[in-house]
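> So that we are looking at the same thing, I have put the structure below in structure tokens.
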Amino acid sequence: MIEIRNAVIITNSDTGDVIKNAVVQVANGKIAYAGAAEHAPDFEAQRVIDAHGNIVMPGFVNMHTHVPMNLFRSYADDLDLMTWLNTRIFPAEDRLTEESAYWASMAAMCELAASGTVAFNEMYFFIDSIAKAAQESGLRAFLSRAVVTPAPGVGERMLDESEELFHKYDGKGRLRVFMSPHAQYTVENSMLEKIAEKAKKLGTGVHMHISETRGEHENCVQEQGMTPIELCKSVGLLDVPFYAAHCVWVSEHDMELMAEHGGTVLSCPKSNLKLASGIAPLSKMMEKGISVTFGTDGASSNNKLSMMEEMTYASFLQKGTTYDPKVMPAVQALKMATRGGAEALGLESGVIEAGKNADIIMLRTDGIRYTPDYDPVSLVVYAGSDADVCMTMVGGDIIYENGTFSFADIDEVKAKIAEYAEDMKRI
Ligand SMILES: [Zn+2]
């Protein structure tokens, strides 16, 4: 039972209400009341937080992550995707252990919580380590074991593992489990088909990298006579909830297929820029009715897990590439980074209103960048930064507040990461 008083609420509601001098009451993990102070019901709060005019809003939903890659931040930069993967990342990943993956994930949990993220959609391996870190953190996590088919039998083993992980973690606390073909260029068609069948059987979704680079897209057309998304449709992957990371290189037909089948695009604008993959045509996708959300990708290709930056970049990139400043306004970018992801994942959050999960964050507004305050949404999207986040609450639990984590000793996490990084330096 927590009551936040004297807040400015960005509700994210359909009408886009911003409520000043507001109160948020939280009970049993949910928002019991959110609105004007004068209408707030009596409430037996165990803790009262005076927001001092700070902004309270829905937390961010990071739709595409590889959290153990926090260990590879600044390890390999300024390379194209394939060189980066083959010469740097794959050899480094060979050195990961359950323990180092856990601590790297824990570092990511701290970064996510401290930058206002309440849920993340993960694709990697070492899922037990990631699940452990996620459960300890309290963040909502959608986990998927990436399946690849480099040699006969390997993909099958990974798919079996995916199913075991599904039974082990799906629905446990705040965890859900998806199936995951890593990408079209790393997975054989027959395995893509098996993964679609498995997801259908288990009643879960599929998380996959799609058309990230021009080369990947064009090779697929040349070798298979279809684009990656057309191929996904042909093997049944669009018949399950489909979470497609990147979609930088997509045809008109690809976009029509995604719209028709209700697929969700997980756009990672900063990662696509850093790896020089390109700029996804998000405004066009949205015109066609596709659900477009944001992710950061891993800390080695971004290099931050900052949803605040993703929404700002996305908005500016769409304006810049369409020559239209009206495209992706602040209110829309903020919704995509929060409510958009929540709805795509089926979370009862993303809006500050009674009955929703209390997945909410608070942003300090006493800094110079929040002055003057004509439009709080504009301030967050165009002038805000991760450093403004002073509280992150998931399901009514405060997991981060003013530099302190409820689940981790940040000095211990940093020391562990430094220790494992020494091993990586020896490659
Ligand atoms: Zn990725």
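Glycine too: its Cβ is placed from the backbone N, Cα and C atoms.
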> Would you identify which residue of Asp297, Asp324, Asp359 TrEMBL lists as part of the substrate site it also attributes to Glu93, Arg145, His182, Glu212?
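Looking through Asp297, Asp324, Asp359, the residue TrEMBL assigns to the substrate site is Asp297.
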> Given that TrEMBL annotates His64, His66, Asp297 as Zn(2+)-binding, name the residue from His209, His217 that shares the site.
His209
> Rounded to an integer, what is the Cα-Cα distance in Å between His182 (substrate binding site) and His64 (Zn(2+) binding site)?
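Checking the Cα atoms of His182 (substrate binding site) and His64 (Zn(2+) binding site) gives a distance of 12 Å.
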> Work through the binding-site residues one by one (His64, His66, His182, His209) and point out the residue whose CB has the fewest other CB atoms within 10 angstroms.
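Result for the binding-site residues His64, His66, His182, His209: minimum number of other Cβ atoms within 10 Å at His182.
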> Restricting to the record's substrate-binding residues (Glu93, Arg145, His182, Glu212, Asp297), give me the longest CA-CA distance in Å as a whole number.
21
> Kindly assign Asp297 (Zn(2+) binding site) to one of the three DSSP-derived states: helix, strand or coil.
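It is coil.
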> In the structure shown, which of the binding-site residues Glu93, Asp297 has the fewest Cβ neighbours within 10 Å?
Glu93
> So which of the binding-site residues Glu93, Arg145, His182, Glu212, Asp297 sit close to ligand 1, that is, with a CB under 6 Å from an atom of it?
Asp297
